[in-house]
């Protein structure tokens, strides 16, 4: 068991803290070496932590699946220039990629329109879809307080138990009002999972592995959407209520195994250090690595660096509250996290969700359109897998800059296609381009966002910062749910932009690219302590990758000088 002298690195009072420079510099040197390790060796050292992170992040597969079942897509899309292409005997295109297009669902919760056809009014579709967002915001705010107070494990288990209970409300819903309330209730644990899993993944692994495990969170969303498409495709042949009840019931399959995964998972060592539970933090670190990895000395070094990082952050966030997220340099970090989420939602990829309906407008049968939707989700999973593999080699700024630029150029193409008179051929072309948009998004902005928000936030207020950023994302999602139908529809109360909507998102992507170039820092392979120093010394974003670091400048202690490589801390352990 590693031990520290009182008044040295085990001290909880910042005024009495005296850093052990030898231990801290040795820990930094070890972290530098790990960034050069082959991926196989890195995961061999920390495979238990990777397994726990992967398992707990799978809660988002369940969430992605449920969101996919009720995703808000508008039925009457403008696919060309002036008028929607649809079958002559149809008032509007049916929804073919969520429950709002399922006949059993419509029979249960809809009511006849003027022509006697079962439908769910757009207002109720909006309410049901946004009910998830309302609940998510509540869950986000709760998690910002709960996770910092009770840790990741207990909050995760409580949210999973709540998730299992709220599924009953969906399964036994009898009207749209009950569906709306049930989606709000389900949104609460979803909001908790959205931020808890990212923070946990960022905190239980070394700097060299953070990109892989945080990007896996995005993969879980993609897997959930893929399962939703597959379940909906299979449910087409089910008659009656089971066609919509079974997809909801399948979510119970996840609850028990994921609950017990959290029971056996170690707590975040960073949470334990922040709470002053150093011995428990050591036990957690040993459980997150293979048995023979840590020696008594290397454990002392690792804990010394963690405690030193915590002491550095106390300078600006002593109480770890939401208010601290907007104080000092934490304001800059919170802004970066919020912008990372904003760019992820407001880049145009959201209109790619309409690709299936574009093909329906071109005459594709419903079942084939479902198959096409599953194909899109397969592309998403494949692209995210590529991003995870590249995460250890490609910087976060590169992913975000090239991703925003690439999507922006494709949005320009979609916008230009909106001026082509032949609507049928345009629909096919736009759908194909949107597949390319999905691919670029899933290989760049989609997974990298989770890595950035996990690394850019301060350790002491990581949960609160990610919560604020995700809340901004949810608000952006609500805005997108309101804007996209108005831009794409040809109804009397819509704007009738059609494919020209791409020009709007092209402009936004241009703005995002400029912001990324000047304000998004490179966090790849930086320890949390190094990131704290770079933010607190107000290092320009473009210099984060190469700026030298002195971890003792802000907390006292004598840093040893050496001719080390540019951009890393001086290491000279005598």
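Every residue, even glycine, has its Cβ placed from backbone N, Cα and C.
Checking the ranges 301-323, 370-392 against TrEMBL, the transmembrane segment annotation falls on 370-392. Among the ranges 91-112, 113-134, 399-420, the stretch that TrEMBL annotates as transmembrane segment is 399-420. Confidence annotation: the domain 'Major facilitator superfamily (MFS) profile' (52-524) carries a mean pLDDT of 85 in the model.
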